[in-house]
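Undergrad: Not my notes, these are from TrEMBL:
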type: DOMAIN; residues: A:14-106; note: domain 'Cytochrome oxidase subunit II transmembrane region profile'
type: TRANSMEM; residues: A:40-57; note: transmembrane segment
type: TRANSMEM; residues: A:78-101; note: transmembrane segment
type: DOMAIN; residues: A:107-245; note: domain 'Cytochrome oxidase subunit II copper A binding'
Amino acid sequence: MLIMNNYNNMFNDVPTPWGMYLQDSASPMAEGMLEVHDTVMFYLMMMLMLVGYLTYSMMKFNNKMSYKYLTHGSLLEFIWTLFPVMMLLLIAFPSFMLLYLTDDVIDPAMTIKCIGLQWYWSYEYSDFINDNGETISFDSYMMPEEMLEFGQLRLLDVDSRVVVPIDTHIRFIVTGGDVIHSFTVPALGFKVDATPGRLLQISTIITREGRFYGQCSEICGVAHSEMPMTIEAVSLPKFLDWLNEQ
Amino acid sequence: MLRSILRPNHIRLATSARLASTATAKPITNISPDTPLSVPSLRKLNTRWNTMTEVEKNELISALSERQKADWKTLTPLEKQAAWYISYGEWGPRTPIHPKGTVQKIVLGVLTGIAVSGLVFLSIRAVLPEKPKTMSQEWQQASNEELEKINAEPFSGYNQIQSPIRGVHPSEDDE
């Protein structure tokens, strides 16, 4: 993994052509996911090498490289039963810990409601009201190809981004308006199904400023590929400025 | 007439073919540990074995086992080959599951499949409409600049470039 990390340049807050690895993390949750991914990959590599060598020894019985006594023996059987059990435990513990940690929503400072619709996202900042006493809400559509400004990302940039402050506990409440969609932002470690009739929640603290792209991840119809989500994380003063403009 | 119904033509033909194939092997009469078996009865045994009758097979087996009672060094090479074939040859339970050439057939089939799918892929690509305007290097370079502005890649490099240069390259334009 380390070698891969050093030799590719495919980390990003956005998908990158021929990207082979996960996007850079921008929240503790995504950091944890990267960590678990790398750890599990390490165990998988060890397992692959061991099983590969056992298979080789079985197939090439009289080869210099093989060890023929590896094919039978009670102690050996005991070990090769225990070893996978240990491996599974080593994989299960960190992943379950992470799973339950990501489930926790503790005392969020602000809440954003995300409603998946065919084929756009509708956002509602329920904690803030405008001059008319209405909550701030807007729809976010993908920028069509003919309207893209030079350099904008096709199928990723939207007309209105979700602006959020960094270093703030934010809760996203996700639901669907028609069919099941999925609110997914890889850099933040989000993937929440937007199911009609259900409210699912996920929380995060974004640790750096940036623009984080995601795409609907539940097949939802013909324009499933054309309802991306873009989260723009800014400093608190900038966020307040943005709020005032709404 | 009844005989021909009971014994269809193809069976009769098969029987006569079998008899013809074993016709070269004379009946084994000289069964003794000291006398070598006749060459015709052993020659190309692996090609004839499956067409021989049970009687012929048993005769040969018993003749060979008689011969093996004497010193094995006195066995002729043909006899050794025949004894080995009867004990360990590819017949009966040891008949190979897949006939010869199966691997080649499978490899050829898979390669043909890959080639056909490649052709389908290329022909679909050939009739596609023009690529989106973002699939040009100029656009992707602009994307990179935009991403640099928003500090999109804080931990290592990023690159949106995947397309060849179309038209005038921006750097050439500057010159």
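In case you wondered, yes, glycine gets a Cβ from its N, Cα and C as well.
Could you place these features in context, so I can see how deep they sit and what lies close by?
TA: Here the transmembrane segment (A:78-101) has Cβ contacts under 8 Å with residues 29, 32-33, 35-36, 39-40, 43, 46-47, 50, 54 of the same chain, all six or more residues outside its ends.
Over the domain 'Cytochrome oxidase subunit II copper A binding' (A:107-245), the average per-residue pLDDT in this prediction is 93.
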Undergrad: Report the DSSP secondary-structure composition of the domain 'Cytochrome oxidase subunit II copper A binding' (A:107-245) as helix, strand and coil residue counts.
TA: 19 helix, 68 strand, 52 coil
